[in-house]
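Just below is one structure, and these are the notes that go with it.
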Ligand SMILES: CC1=C(/C=C/C(C)=C/C=C/C(C)=C/C=C/C=C(C)/C=C/C=O)C(C)(C)CCC1
Ligand SMILES: [Fe+2]
């Protein structure tokens, strides 16, 4: 493979592979009419090879021209649009990456929160950027690239918002276009396909980026980060939205499709190698005008757990031109909160229990509780729970994230543990699984050892808090048996979701590494590898420039 070595300002050297050079001359590599190549001169000190047909991607480019609103903010790189559309290079590793770690970590998330001088409102509005860390023989090649959704391409072309994002809605130019816009909303045509939330590695090898719209399922190449095309569901199940977090294993893809017309949820399964989802069963909502928001859900070995939160979808809010306090949702405490359990094999509902009010976006894991005779008596489901307080959604507005004053404004969160009895009881329980002070009362963006999915487990990895803060700023390893946490913190940084990768042949649940990407206050950033057992740093590698905060990742093992 042809390679180019650059020395950049920091003294690190970076490698550009042929893959990264392949199509960079396409106009889509410049944004807002800005060509990063033109401004890269000062930061590229030495070019040791010129053997390329077309000009290379810059190792480091000047940031996109700051917009008025962005430059007014004292913004952390975590909340600042990415400098350039794509980059790839080898990173200098401090410490030792285990030689057994072979494969690619992918992380999805919003990377661009503005169009021209218009700044987006909410963290979840940003156009998707996929980042990559490829590990082989102790070396680390990193890269990032914008996902070329229709929403992103249209915005870059027309320099305006063209699709409905989480909080942003395109402005109709006149009354007729407003009517057209309403029609488009009902057909789903105006909803975004900006796949900025998760990324999954299907059993058949395909890698798909996801958001909450079904049309926002986009297949990418994990090596080049190129957008391959839409993942088209070939069934006739219809609907517009789904859970952003399907449960994906080598043998299946399970997800929930909320039904906004007749409030409920369809649980569906898709087999590797197919694009066809088949219905397992249906849960009808117990109360309320619409199904609860189902960003994620847990499974046990034999059951799918369907959460019914009192934070419910709201068709009216989907239609509104301006964001409402809870965006596309409404808080309905009077409709109560439920947890339903569906048998994976038969689709039958085996329990529907009322539970205390809760707010969760991310379930951690679930398992079956057995009595002494091996009979399943209850299901246990753990989640990152926000004390039934919806204010976290408001805290995630870009303006709030950018204007941190040093005050402790992050609302408290905990590991919420549900117990769903299977004896016909009408009520379930929800309690903190450990004292939330163990993890600074911050708790979100979690992962586990995937071999323990749906099984009794001990360890969870997540972002926690060292206060004061306005956003989770630690990585935490939760021991659910000892009810203790080990915390990692680097002052002024924002770490993203820790992802656990097991050591091949490991017999202990926490034998492996934890990967995270860190955004620094000074504009920098680095990849971080912690030991899964000690939770101590074993390696880090600085990026040429910091990347914005990312949401969720996945591991693609070396073939
Ligand atoms: C809801 C609809 C849409 C978009 C939904 C999106 C993009 C949801 C993304 C949710 C995420 C990333 C939740 C993450 C939560 C993280 C938390 C709470 C972290 C807390 C830290 O302390 C559309 C697709 C726009 C349209 C239909 C409705
Ligand atoms: Fe999520």
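The count begins at 1 with the first shown residue.
A Cβ is built for glycine as well, from the same backbone N, Cα and C atoms used for every other residue.
Residues or ranges marked as region 'Disordered' in TrEMBL: 21-76.
Per TrEMBL, the feature compositional bias 'Polar residues' maps to 23-32.
Marked as compositional bias 'Basic and acidic residues' by TrEMBL: 67-76.
Residues annotated as Fe cation binding site in TrEMBL: 245, 295, 362, 552. Long-range Cβ proximity for residue 245 (Fe cation binding site), meaning a same-chain Cβ under 8 A and a gap of 6 or more residues, is found for 197, 198, 210, 295, 296, 297, 362, 363, 552. Look at residue 245 (Fe cation binding site): DSSP puts it in coil.
Using the Cβ center of 245, 295, 362, 552 for Fe cation, the list of other same-chain residues with Cβ within 8 Å runs, in sequence order, 197, 198, 243, 244, 296, 361, 363, 551. Cβ-based crowding with a 10 Å cutoff singles out 552 as the top-ranked of the binding-site residues 295, 362, 552.
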